[in-house]
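All remarks here apply to the structure that follows.
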Ligand SMILES: Cc1cc2nc3c(=O)[nH]c(=O)nc-3n(C[C@H](O)[C@H](O)[C@H](O)COP(=O)(O)O)c2cc1C
């Protein structure tokens, strides 16, 4: 997946180093909870794949790594599993990750194309997930040939779903970001968590540019290469606009320092997509090493500012925004 444009925005923030942290590095506590399950770190594997045999292999590797390291995990869109039940097995990773917060995924726009509570329930049940996240991918659907681009009236349908669902319902973007105004509307609609999936990482207009066979769409996608709200800005806006809604930061995160900055700016958890994909395809060892490195960087960043736990890192005053050059 390609990315282009101004980055995640985290490069404009810097931690104020604390030479005398007054805490024991070995005692730093990164444990937290998500959708009713305890996790060792406030880190998550973003929704990516499912539907094919190759996807099943990747999902198993991701699930085993999440279980081993105490991460949360999102599954790729389960639309395929609902429409073609033969593909359902590629999402069934619960036996590999019995303790992991596991999140089922469906495009919110499907609520305008025949999906309702029944299909959402099936997605959660067949993956034995703890929650459902609805993804918002308006531009992607427009650039896709034959995409589902009627996004009218979705907020009300999300609200209705939240009212009847027996499981937590969250909402995420896919790389263009969720701003404060949208977050407030989603909070009022009753969503349990929001994953901003801001710009600076995976750019779906670029992906569709390469995938599309329609020359007009390809040409138009170029103009949207740097579209979207940078992840850091989303986190700041959403944490102010939708206080008390569990906030996940994702979109272009590549290090544990990025994760620490996201939590410092108001997120409860940080999530990684594309950065984990190649290691997950290559080898289990490579994937485990990367997760371990991200955790280490998060803990060192916490030590560097003297934060003994996530409460002390969350909204710390030891992060400063750099002035524009
Ligand atoms: C290969 C790939 C497949 C993805 N598939 C989905 C998906 O099925 N559902 C979804 O909500 N997001 C999907 N995403 C978006 C990610 O969950 C994430 O929001 C986005 O990639 C931003 O994070 P990143 O910049 O770390 O990749 C996908 C991303 C990648 C790279």
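Each residue, glycine too, has its Cβ placed from N, Cα and C.
Per TrEMBL, the feature FMN binding site maps to 46, 47, 48, 49, 77, 105, 172, 202. Here TrEMBL flags 77, 78, 79, 140 as substrate binding site. Residues or ranges marked as Mg(2+) binding site by TrEMBL: 141. Annotation comment: TrEMBL describes 8-87, 156-316 as domain 'FMN-dependent dehydrogenase'.
Checking the binding-site residues 78, 79, 105 for a CB within less than 6 Å of any atom of ligand 1 leaves 105, listed in sequence order.
A coil conformation is recorded for residue 49 (FMN binding site) in the three-state DSSP classification, outside any helix or strand.
DSSP assigns residue 140 (substrate binding site) to a helix. Shown are the binding-site residues 46, 140; of these, the residue with the fewest other Cβ atoms within 10 Å is 140. Here the CA atom of residue 79 (substrate binding site) lies 13 Å from the CA atom of residue 47 (FMN binding site). Other than 46, 47, 48, 49, 77, 105, 172, 202, the residues of this chain whose Cβ falls within 8 Å of the Cβ centroid of the FMN site are, in sequence order, 74, 75, 76, 135, 174, 273. Neighbour counts were taken at the CB atom with a 10 A radius for the binding-site residues 48, 78; the maximum falls on 78. Annotation note: residue 202 (FMN binding site) sits in a coil segment as assigned by DSSP. Farthest C-alpha pair in the substrate-binding residues 77, 78, 79, 140: 17 Å apart. Residue 78 (substrate binding site) sits 16 Å from the residue listed as 'Mg(2+) binding site', counting Cα to Cα.
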